[in-house]
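Some notes on the structure that comes next.
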Amino acid sequence: MAAAIRHDWQHDELQALFDLPFPELLFRAAAVHREHFDPAQVQVSTLLSVKTGGCPEDCAYCPQAQRYSTGVNAQKLMETDAVLAKARQAKAAGASRFCMGAAWRSPKDRDIPKVAAMIAGVKALGLETCATLGMLSGEQARALKDAGLDYYNHNLDTAPDYYDSIIHTRQYQDRLDTLEHVRDAGLKTCCGGIVGMGETRAQRVGLLLALASLPAHPDSVPINKLVQVAGTPLHGSAELDPFEFVRMIAVARIAMPRSMVRLSAGREAMSDELQALCFLAGANSIFYGDKLLTTGNPESERDLALFARLGLQPMAVQVDAEGHDHGGTVHADISADTPGCGCAHAA
C-alpha cells in the first residue's frame, strides 16, 4: 500500500525518523520513494538569472544582497530576446523546463509585463516555465499564470523558530502569503530550504514540518546545503555532517512522498558517493550545468558520468497546453545560468 499523503505530521514523529539508525532510515525512505517514483529516474534542472545582484534584503547566506561585499555586481533585468536565446540553447541541449530567477525582494508592478513577455516567449518554444522573483501579490501571481508560467519557486529557507537568526527584512508569514497567492493562481509550487546555517537538528525537523504542513505539499522540494560565500555573515560557519544532509533528504521523502526532492545548492562540494546516498534516500531531482545562481554547480560532464555509473536516467515530461503533467512522466526542469530569490541557494 502506498504511503498516505499527510498534512498532520507532528514534530516528534519527524524527529523520531531523523533519529533512526542510518540504515533503517534509508531503508524506509527508499521504500517510500519506490512506491511513487522510478528510482532510476532523476529530474534535471538548470537556472538562468534574468536579474543578478543588488537585492535590498539581508539574508545571511546570500551573495546577492547589496549590503554584503561578495564580488557580485548588480545587473539590470535582461532583455527578452537575450532570455529567449538562452531558452533556445537550453531546449537544444535537451531541456524541457526553463526557469528564470531575479534577485528582487519582490517585483515591481512595472516589471511584471517584462517578465510576462519572457514567460510567454519561452512557453511558445514548447518549454515548461518556472520563475523565482521574490514575494508576489495575488494579482502578480495571476498575471504570471496568464502569461504561461507553470511553476513558481519561493523557499521557506529554515524553521520558523530559527528564521530571525538568518533574515530580518522579510517575515516568515510573508513567505507563506506568497505561497498562498501562487497556489490560488493555479501555479505549481517549488518550496524548500537551506541546511548547514547553524541550525539544530530539531530546527531542521521544523523546516520539514513547515513544508509538510502546507495546504498542498510543494511539487518540488529543493534541499540546499549552505554554500559559504566570503563576505556573507554565514561565511566560516561549521560544516554540516554529510550524513545529516542525507537524513534531511530521507525524512523529506517520507514526509512528502509525491514531491520531487531536489539536490540543489551545495552539490558541487558533494562526492559522488554522497550524491549516490542522497539518490538512495529519495532525492530525484538535481540542478545540472556549470552554475547555480551565483555559486558553483558540478560540471555537466561529471553529472553525465555519475548518471552512467549509477545507471540513472533523466526524467522526461509531456505537458499539455494547460500545463498539466501526463501520466507517469515528471518534469525535467530547465533553465540556464545564474540567480533569483534563492540567491546562492536555489529553486
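Cβ from N, Cα, C; glycine included.
Of the residues proposed, Arg28, Arg34, Arg258, Arg262, the one Swiss-Prot records at the same [2Fe-2S] cluster site as Cys99, Cys130, Cys190 is Arg262. For Cys62 ([4Fe-4S] cluster binding site), the count of additional Cβ atoms within 10 Å of its Cβ stands at 30 [all protein chains shown]. Looking only at the domain 'Radical SAM core' (40-258), the predicted model's pLDDT averages out at 92. Ranking the binding-site residues Cys55, Cys59, Cys130 by C-beta neighbours within 10 Å puts Cys130 at the top.
Within 10 Å of the Cβ of Cys190 ([2Fe-2S] cluster binding site) there are 31 other Cβ atoms, across all protein chains. Each of the binding-site residues Cys99, Arg262 was scored by the number of other CB atoms within 10 Å of its CB, and the largest score is that of Cys99.
When the alpha carbons of Cys59 ([4Fe-4S] cluster binding site) and Cys99 ([2Fe-2S] cluster binding site) are compared, the span between them is 22 angstrom.
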